[in-house]
Every structure is written in structure tokens, then in C-alpha cells.
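Record features (TrEMBL):
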type	residues	note
BINDING	Glu98, Asp120, Leu122	Mg(2+) 1 binding site
BINDING	Asp120, Asp123, Glu286	Mg(2+) 2 binding site
BINDING	Asp123, Gly124, Ser125, Ser126, Asn214, Lys280	substrate binding site
DOMAIN	12-198	domain 'Fructose-1-6-bisphosphatase class I N-terminal'
DOMAIN	204-337	domain 'Fructose-1-6-bisphosphatase class 1 C-terminal'
Amino acid sequence: MSSVPASSAGISLSRFLIEAQRDQGHIDAQLRLLIEVVARACKRISIAVGRGALGDVLGTAGTENVQGETQKKLDVISNEILLEANEWGGHLAGLASEEMDHPHPIPNRYPKGEYLLVFDPLDGSSNIDVNISVGTIFSVLRCPPGANPDEADFLQPGTRQVAAGYAVYGSSTVLVLTLGQGVYQFTLDREQGSFVLTGTRLTIPEDTGEFAINMSNLRHWEAPMRRYIEELLAGTTGPRGRDFNMRWVASMVADVHRILTRGGIFIYPRDMKDPTKPGKLRLMYEANPMAFIVEQAGGAATTGRQRILDVVPETLHQRVPVFLGSKNEVERATELHRMADAAGA
Ligand SMILES: O=P(O)(O)OC[C@H]1O[C@](O)(COP(=O)(O)O)[C@@H](O)[C@@H]1O
Ligand SMILES: [Mg+2]
Ligand SMILES: [Mg+2]
């Protein structure tokens, strides 16, 4: 990560966004307001997460989302916080979320804006009750002109994102943001209640000695995926000629944040545990925003076969395999999949 230049040290997110709008012309007023509102909502989620057992936020909500996953109380609370914060400000035409079956157009009683917001309100849900980092992931698209948005209006490839970001609620709360001009990190100053710029133009090293994957699924993987991991596990005695270390938080936000901080490759591959699902992670609000951030930081992001940002979505809750992080490792894993496909053709 580049250290923050003296002239930028201590700059708040609000000032950063005003400068991005006024001085650099990277964003318009609606997009600035949108990011401000999302950041405020993340602050509220951070407070809810931080109350832990002192608040009524742990455990399950007793409901399921559209994907048949049991919702935790914090999944539902975080979704409501983001929805309520964003509905009335006039910067959005519609929202969509992991926790809502269908998109939510802005009600007619409120002014409408030009943007669409797609989010995973609480990522890493299985970690909530055990006090391990969780987060929020979001992606911003433009709404097609004149549309009262329905699902088809949201189904745009990741290359059309105008902004993306995530918050990690960990030992500190950080917000990582791209407006398509590099990646910036803000840390929540809990006393002041504002996000402060703590990292500019974050970059992911091209090479790494660290991988993140749920190894318990190994027997369900495709052959090229097994081959890739076997090469890494063989260490100094294998074809790669060096040792690799493994980390797996099981919160995508935390695993990706580590990679943005010190490099690595994060993988959630296709597996045959449930052959009807082409992966676990969702394209629109997990893979796409993270792929945008990772590419903006000089890394790579693929499905093992193609660039994630080029995938044309077919449904809102579509799943994809994800390989992202340090460029040379993502390229090696992708090359093995392409070679296997070509040999099988
Ligand atoms: O339980 P597993 O297989 O390790 O999967 C963990 C992955 O699932 C996720 O928790 C899915 O996200 P949600 O919690 O938003 O459903 C990712 O954050 C994480 O990388
Ligand atoms: Mg998630
Ligand atoms: Mg989630």
C-alpha cells in the first residue's frame, strides 16, 4: 500500500469525495451522495456488529433468503440499514441485495436518481456468532435512462460498474473504495465518527506465497483445480520450487482485504458438491465488486476460464467460480483450466 502523502493525511471520506467531484471530475453529485450514504450505513452496521452479545444481533433470524440460506439476525438488520439509508436521498433508481428475492425500485413517494446499488449487506455470516471479521460489499451501476428498474436493468457486466467497495468490521472498521481511478482505504475513527483516508492507490504484488481456499472441498473440485493446489502444496519439492502458506477466514471481505494488504490468491472454485451450482459466490454483489477493486489494484480476477468483469449476468443471484488476487497466480490457475478444457475438446 502506498503511504498516504502528507497533503492527504487525515482527509475525511467526505472531503475525498468532494475533491473527486469538484477538482477531478471523476464523479457527479449523485454518486458522491450515494457513497456518503453507503458509508454512513456501514458505520451503523459496524456499531451493530460491535455490540455483539450486548445487542440482540447474534443468532439466526428464523428465515431463509431466496438462495435457501438461513438468514442471521445481522443479515436482516444490515439489509434494512442499507435499504432505509438509501431509499429517500434521490440518488438511486433501485437497489438489489443478497437478502432480497427481487430488486427494490425506489418508491414513487421519493425522488429518483440515476444509479443502481447492489450489495451483500453482511458477508461472512457464519462468522458473526464467533466474533470473527465480517463485512459489507457493494457495487454501483448506472440505471438505463427512463427505466423504472426491473431485474433486467441490473444485469450488466462488471465492466459497467462505476464504483465498488467493501467494509470490513474487524479489529478496526475499514472502508475500501474504487471509483475506477485506483483503490483507496479509509479507517473509521470511532471517536470522531468519520472515515479517514489511510491508504492511497493500493496495489497487489504480482507474485505471492499465500493462497486462500476452503480445502475441505478438494474432493469435489475439477481436475485442473486439484492440479493447481497440488502444485502449491508440493512446495520446494514440486514444480513450483517454493513453499506456499494458506489462510482461510471464511469471510470473503476479510480474505480479500488481506490480499489487498499483502498479496495472495483467493479461490472459491466450481465444485461438484451441488452440480446445479457453478460456484458458491454471487456474481453481482460479491465477485464483480471484488474483481473491480482487485483489477484497479493491479491484480487479476477470473472464473478460471474468463475475466469475471466480462461475464454477462443472466440472473440477479447468479453464482460464479472466483479466482482473484496476485496476477501471476491467478494466471497460472486460469491457464491450467484452459489447458484442461483444450485437451478435453
Ligand atoms: O463456508 P465456506 O465454504 O468456507 O464459504 C465461505 C464463503 O462464503 C461466504 O461467507 C458467503 O457470503 P455470505 O456470508 O454473504 O453468504 C464468503 O464470505 C466466504 O468466502
Ligand atoms: Mg457474501
Ligand atoms: Mg451475505
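Counting begins at 1 with the first residue displayed.
Each Cβ is built from the backbone N, Cα and C atoms, and glycine gets one as well.
Whatever TrEMBL says is automated annotation, not expert-curated.
Each residue in the domain 'Fructose-1-6-bisphosphatase class 1 C-terminal' (204-337) has a pLDDT score, and their mean in this model is 97.
Screening the binding-site residues Leu122, Asp123, Ser126, Lys280, Glu286 for a C-beta under 6 A from any atom of ligand 2 leaves Asp123, Glu286. Residues from the binding-site residues list (Glu98, Leu122, Asp123, Gly124, Lys280) with a C-beta closer than 6 Å to any atom of ligand 3: Glu98, Leu122, Asp123.
The Cβ of Asp120 (Mg(2+) 1 binding site) has Ser97, Glu98, Thr136, Ile137, Phe138, Arg282, Tyr285, Glu286 as same-chain neighbours under 8 Å, each 6 or more residues away in sequence. DSSP assigns Glu98 (Mg(2+) 1 binding site) to coil in the three-state reduction, placing it in neither a helix nor a strand. Reduced to three states, the DSSP call for Asp123 (Mg(2+) 2 binding site) is strand. In this structure the C-alpha atoms belonging to Asn214 (substrate binding site) and Leu122 (Mg(2+) 1 binding site) are separated by 19 Å. The residues near the substrate site, meaning same-chain residues not in Asp123, Gly124, Ser125, Ser126, Asn214, Lys280 whose C-beta sits within 8 angstroms of the mean position of the site's C-beta atoms, are Asn127, Ala250, Ser251, Met252, in sequence order.
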